[in-house]
């Protein structure tokens, strides 16, 4: 093989020496086929593949795809688009489909490389002449050049073409463009020949004649450079070298180019020799790496031509037996299909997505199976992939086109929500759209509330457009669950057939109903309903799912005539009923098992016919086997026409019969197991066999025979923790369920799937193993018989125990040996080191125990070897039906060790292999004290174990033991001696090794208590509690701290989490201890305790909550040892404080927060010493205190005193200040009491109830005002006269207080109406915007017949009330209208009305005046005003209703009916129903009852789901109708197709009515109807 480094040398001038060529060649080898070398700015020749509305898909060399955006065509086309968006231009815009056609060759440049979410690169292209012809200049333009451009404008005699060369205009005469079939359009891409250059290269003339363009060849005279070289140019070249991977050519005398293997003609690839002259086409130019690619393919040697696109019928086809003809390790390989077609596979598709590329593995296979993925028009070759595909992916496109199916639950994932609908990911390459009208059975206003990105949903395909690559889906439940045959084509819509569809248009001529694909039909008006439908828009809506019957179908004209009426009337022609008796568990009552024939395959199962009747039935894929992995294999192996035996019936829903082949389910039904036929048969504790029907995040739904469905919540799914429900079970998984809970009302029940609660039948696992292996063998035989694979043929011919001749292929480092055999040429045989050549005993005895090693394991089965016997056998990976999830340490993987017990030494069903039972082998662990053997986690009391600290928590430490078990060490078991205030758990660090003793616990599987050892026995809790007595001091650990959410901070806490503290036991109640951290049993004077601040009072100080439910107060002077201006700032409610008890008064403790008392051991400076008695005071001593009260006689101040006393006056006796000491005062210290200057005497103040509260102690003091008053007295009265005068003053004060109290009480009574104008004025000062007060003021004047004063008040009110209070102003205007109507003239009323309309909303004013007229029996004026209103406010429904009420009250029923017709024409259609219903209610109240009944009946016939109107109708009929009529209405409403909860409401009303007005027989009849309804709904829900 020649060196690949010489295959692709770099472009440019050729060097003379071979040494200089080595480096360029190496560079070209690193960038093979553009797969790695594509960069922004690379020029390429592309072929148009698809044209969309805003984007063109272009095929590039090497099978790449690029995308041309509508904005990257040309500047002139972009300008037209912009002008059109701005509506500033009327120039015609041509779509991309009119500018480009599939197969067109275009020159393009890489504009940018975008990276998608998945990591793939999207190539964005541009054909803008400015970028494509960037390397050209005016000087390089010469006649004979092939240039590309876009039409810039259309002139009278030709076209201006944009070449992207500044300073040059290109003109294309119409005569030169006459060969074009269609007229050129602005923005159209053209490949043209430059015929003439004029005016110093400023004007050039072009031609697009195909003949001239095809004959033009690039010449050296044109002066080509690497920057000006363009793709698509035809050049004459000479072969410089022939390599295994292509050719190296020399062209234009100075350029070197590469021709890869894909651009050689297949029949001429071996005929090229060095020195031959060839004609080539430039494929791509990469200026930065000087890389030029060429092509010798004939379809590219015609510039400006089109490439033929091969039809895509073969895309998706699977080809077997493909042979590799050539391998190019940097690019891929060429394969030859059985029909001699040559295809290409890229190296990335020669491996699985997540695997590394292994060249040896690919080359070792003589034949390959590939799938055709696409067709590359540039190379005219199909692109294939060797990757394995899921079975349903392979048939997806075919299934979409031929049949409409329901997507599997695991395949529909919401990717985005948009205004027009929801995008759903079906596969990695297929997306579908759910239109907005198909998101639900009803139109959703807020779809984002029901759907979220990433949600897995169930959809049904509506239509598929392969050409446009559009897939339309629906989420309408009625369509998804429909059992009627779908109309996929007009041939399916045979006369008399019925199917579900959806309405796409509602017109006067009827409804247009659409089915699947493009099938749609018309329902004429006379076929819409059994009752006449006047306005179809009021009965039907777009998107509504309907059931339609085919009346006539013209397949050729594609016309379909449908009927709703025939379906509603029961005239349906459904599929024929089965001709045999049906019974679950059987197909016929006299036959348990039958054979079926496969009719067709679909993605979720098989359509079969039951033999010999050939009755159609459904066999879901999940019911092919108990093993989920076998279900997929059996589905893939079965083909149309195959016969399947041992089938039993599972359920029947409507006309669909569902079959099952699950062996466990069949044996359960045949052996007479417990089967619940209906909900009443289910009881708590019963054990049932079922299968997983649906998987949700909160649990799994399990379906049972007869259609019953139960829910297994996450907590009941497994004995292990369930994080992700999808990781535990798969759809179709067979399970054993135990009923745990029943909901009789809603007919729902819960089940448990825990292995510990639902024991598996004896030997069930072995039976499932045998059946599973037999199923796999049957699949292999089916596929081998069809010749799908040589490997399957060879394997099916080999039997266990057969002797074969093999040759050693390789001996590996691990001791294993690989062999090759002629009988198994397509397979590699492996013998592990335990099965290498040697002497072994192949016989094993039944009942013997061995240590086995796992060699291979998949989801359901594993291959193991039995110890030293070299015997192989197969086991199941699970021992129980419900055991699906294992931790990583429990999973069976290669190399895992098991303990097995031989059940049968030679099992015939396993072809002689031993049948064994197994369990995981226990890890090797040693006991330090007790020598008893145990499995993992089996410990006893007293065992000493070693481990490493895993987690450190405040109250415990988790330790990982040597065998992987986890133990917990409580904080109290860490240290022998614990110091108060420490944190024992902080002594241990994560990862440190510890030695511990087992003192308790339970087994992980059975939750049984650990076994007791003989020498160490646990101490029971009751015995521990007896050790403690009341009064004992105990060291405890804080386990929980409760914080107040608002104010209590962690920094204020006395103890932290898990801190040790010393407490005293106060009392013992059962197993609860009442503790105290103060080591005291009661509160006494001198105790220092903790308290919680309850209240802050600026006069009293702090109110503190104490232990033992006691309360205490802290005076202001006891808050601190020194004076502070604002002493309460430091405290807040719920704050913890340390306080000292200093005394007791009136059941409250007197407390002190002075640090000198709470912490006497700490010396602190006391600036303001505590004054306890008079002995603590001395004359002249300066003390600081807080002013308590100030009055005319003097002031009262507080100090740190604890005894009542008073201090005599100083020299300045008239200072008005007196220092007063009092015991009960608080500890807050205000500013020092300073001596004030003399103040003038003020008159005595009036003392009223509820006013100032003077201190009683002041009565003993001599008032300063009295002394001064004595001096001013001219009479010189004696003391007795003064006492009398004082007595009189007291009486006067009391009288004044009484009068003032009475006045205040009157003013505070809201219900007391003012009696004077002054009272109203005073109230209006406080509430000027209250219309109630103004109206009461007006009424006050009217009672006194003061009409003008009332008018004046109204005018004042209108001026005073704020303009924002519109309703308040309206109330005043209405009062004024009433006033003028009663006491004024018609002229004055009209003037007020006109003003009111001007200043208020007109309609309420009109309505109020009409009501005034009606109440006053002014019928003529009222009717005239109503006529004006319905003209002016015709869009207001309230006006029509008000007018209708007036007419009916006047007895004008005919006029009211005419008014209703006018209202229907004037109001929007959406208001018509409510309007008619309101008029019907008015007829019941004021008019003809029968007419009201008829109106409501017509509405409800057209709108049967308006349950609010049904409720109104029932109420009116109960009040005005007979019992027979009421019962008829109830019977209609309970048969509506509305939500169950609404029907439940009507049933309750029906029952209440019968209990009140009916008989016992009628009551029972209602109950029977309700029961029948519930049963029918339960059956539908189960389906």
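Positions of Cβ are set from backbone N, Cα and C atoms, glycine also.
When the ranges 1154-1181, 1266-1293, 1294-1321, 1322-1349 are checked against TrEMBL, the one recorded as region 'Disordered' is 1266-1293.
Feature region 'Disordered', per TrEMBL, maps to range 1223-1242 of the set 1123-1142, 1223-1242, 1243-1262, 1363-1382. TrEMBL assigns the feature region 'Disordered' to one of the listed ranges (1-26, 27-52), namely 1-26. If one looks beyond the repeat 'TPR' (1437-1470) by at least 6 residues along the same chain, the residues whose Cβ comes under 8 Å of a Cβ in the stretch are 537-538, 1403, 1407, 1410, 1414, 1419, 1422-1423, 1426, 1429-1430, 1476, 1478-1479, 1482-1483, 1485-1488, 1491. Recorded stretches compared: 232-297, 407-476, 685-754, 942-1013; the one with the most Cβ pairs under 8 Å to the domain 'S1 motif' (496-565) is 407-476. Looking at which of 232-297, 407-476, 685-754, 942-1013, 1086-1154 has the most CB pairs under 8 Å to the domain 'S1 motif' (41-128), the answer is the stretch 232-297.
Secondary structure of the domain 'S1 motif' (232-297), assigned with DSSP and counted as helix (H, G, I), strand (E, B) and coil, comes to 6 helix, 37 strand, 23 coil.
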